[in-house]
Amino acid sequence: MAHQAHAYHMVDPSPWPLTGAVAALLMTSGLAVWFHFHSMYLLYLGLTLLLLTMVQWWRDIIREGTFQGHHTPPVQKGLRYGMILFITSEVFFFLGFFWAFYHSSLAPTPELGGCWPPTGIYPLDPFEVPLLNTAVLLASGVTVTWAHHSLMEGNRKEAIQALTLTVLLGFYFTALQAMEYYEAPFTIADGVYGSTFFVATGFHGLHVIIGSTFLMVCLLRQIQYHFTSEHHFGFERAAWYWHFVDVVWLFLYVSIYWWGS
């Protein structure tokens, strides 16, 4: 970025939005190829390009915000509104899945046997792995808040410990979810129950992976002394996102696992 005599957000030309879009195209195409032709090459190519884009884009943002001082108060205000709008859009994204679930379950059609869960579907016990997953995510919400308070108080060591614990809990949740999927007595092909269950919980799982990655970057930055007690914008946004993921899971648990079973 050239020298500027104002505090406003002027973004340098960047290739990363384009490479990110190409990665998204390759991954969605790769997913279709994997489903129909059992080949994962295109999917792996998309994932590799996405990984490279993430690393380079994060590097640029860190350089601009931490080392060049471009994240002035007006810039932070704009980024804050951007994150609020992004999370709002995510709320509506998940609202569509809940709508589909309740539309199907509150008035089951004769094709489903007139009951919910549909005839022949054996739902998962909500008081086994799903309840453990709920406890894990709620605990991670506590640890991320602990990390935030430690950061604001200038307690570097505790912030690192709490953030490490949060990331580990995030990955533990993902492992439990993968195990649950592997052992589930129904598949995504099992009618409206299977599709609403796997799409809603699957997209939530994807958001947990994204949030865990976001927090892992924050952990690495905290270890590198990038955050101060006054300026830790990236961490705050990651914490917001993590709390959003927590709340979505509570709705999923109550709706799909507990009430829906």
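Every residue, even glycine, has its Cβ placed from backbone N, Cα and C.
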Swiss-Prot: matching membrane side for V11 and H70: yes
Confidence summary for the topological domain 'Mitochondrial matrix' (224-232), mean pLDDT rounded: 90
Secondary structure content of the topological domain 'Mitochondrial intermembrane' (257-261), with strand meaning DSSP E or B: 3 helix, 0 strand, 2 coil
